[in-house]
Each structure stands twice: as C-alpha cells, then as structure tokens.
Amino acid sequence: MATIHLLDDDTAVTNACAFLLESLGYDVKCWTQGADFLAQASLYQAGVVLLDMRMPVLDGQGVHDALRQCGSTLAVVFLTGHGDVPMAVEQMKRGAVDFLQKPVSVKPLQAALERALTVSSAAVARREIILCYQQLTPKERELASLVAKGFMNREIAEAMNIAVRTVEVHRARVMEKMQAGSLAELIRRFEKMASPETRIRTTYEP
C-alpha cells in the first residue's frame, strides 16, 4: 500500500491530519523534522509527501529540493498558509503536484492525494525501467534504440557493422535486461522512460 508521509513541525496539525487520513483509509506516517524524514523514510516507493512549507532547520522547499536531487518517486503536495501561496506555486513549477491552504478540507485533500498517487505510481514504474536500462552496455543501448525505431536485424547489423547473429544475441540480452516479453512491450517501456507524463521533475535522469 502507498504511504502518505505527513511532514509538519506542529504535532497538533499532524495528529489531526493523520486521524483524518487514516479514517479515509490511507496508510500514514508522521514526521516533525525534514532531516529525519529524508534519513529514515523510503524515498523510492509509491507515496505522497504532505509537506508544510514553513518548518525550522529544513523547511518545505529544502525537503522538496532534496527529494528532487535524489530522484525520489514520492509525489509532493504542499500545505501552506495564505502568505505562502506564491512560494507554493513556484514549487509546483519545480515538480510539486499541488498545494492546499490550511485549514485543509476533506474533498480537496482527497482529490490532491489521488492525483499525487497517480503521479507517484507512474514515477515508480519509470524508475524501474530506468534501472533496467542502466544495466545495458553502450552497444546494447545503441541496438535497443534501433530496435525501438523499427529496424530489422539485418538493418541493425549494417548500421552497427556487426554480424546478424551478433545482433540476435544482443537483442535477446536487451529483451531480458529490459524485462520485455515482446517488441511491443520493449517499445512501450522506452516510451514510458521518455514520457514527461511519467516523470516527477528531478535532477535525476538516465
């Protein structure tokens, strides 16, 4: 089950919000310090960070920057006071899914969480594909690119100046490493890896 990470230095807020989220059926973890969250939470799973904009030591923007830099698949929804709206909008430009003004009501919260969970699940799938892709050798990556473009084995052999049998061997390895059972699935995986719709905006790229 995806986890909702609730990060706010005000324990009264986290307790009240956690009670609400749990009553809606979500798995919730509460954090009061950004550094503790970054050190202890699983950052590469499907989930959402409900993130307070203003916190001591490491504020919401700092936590969001850290998540972007490490390529986390967690989606971020900011909780803001009225005066923080411009900052929250700026963070959305940097990849946050949404922002909600305090006090938060149920329907907007649930809608934002569902959008964020969809984004996070797609990011997890994309990250798994990227990890598979990173196992390919440079030659296998070149071959995979040609396969995805629809080149036949003989055309690949000519383009790469290798034997057709060598193409067949490399192609089989590419399919195995990319965990693709068919050419169509391999192409879909490359499309997912490249699609901005499956990407949480980060500094981590293949």
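Please read every residue number as a count from 1 along the shown chain.
Using the three backbone atoms N, Cα and C, a Cβ is placed for every residue, glycine included.
Annotated DNA-binding region per Swiss-Prot: 153-172, in sequence order, evidence recorded as sequence analysis. Beyond the ends of the DNA-binding region (153-172), by six or more residues, the same chain brings 139-140, 142-143, 146-147 to within a C-beta distance below 8 angstroms of the stretch.
Residues or ranges marked as domain 'Response regulatory' by Swiss-Prot: 3-117.
Taken from Swiss-Prot, the feature domain 'HTH luxR-type' applies to 134-194, supported by sequence analysis.
Sequence annotations record features per position, and here Swiss-Prot assigns 4-aspartylphosphate to ASP52 based on sequence analysis. In the three-state DSSP scheme, ASP52 (4-aspartylphosphate) is classed as strand. In this view, ASP52 (4-aspartylphosphate) is surrounded by 24 other Cβ atoms within 10 Å of its Cβ, with every protein chain counted.
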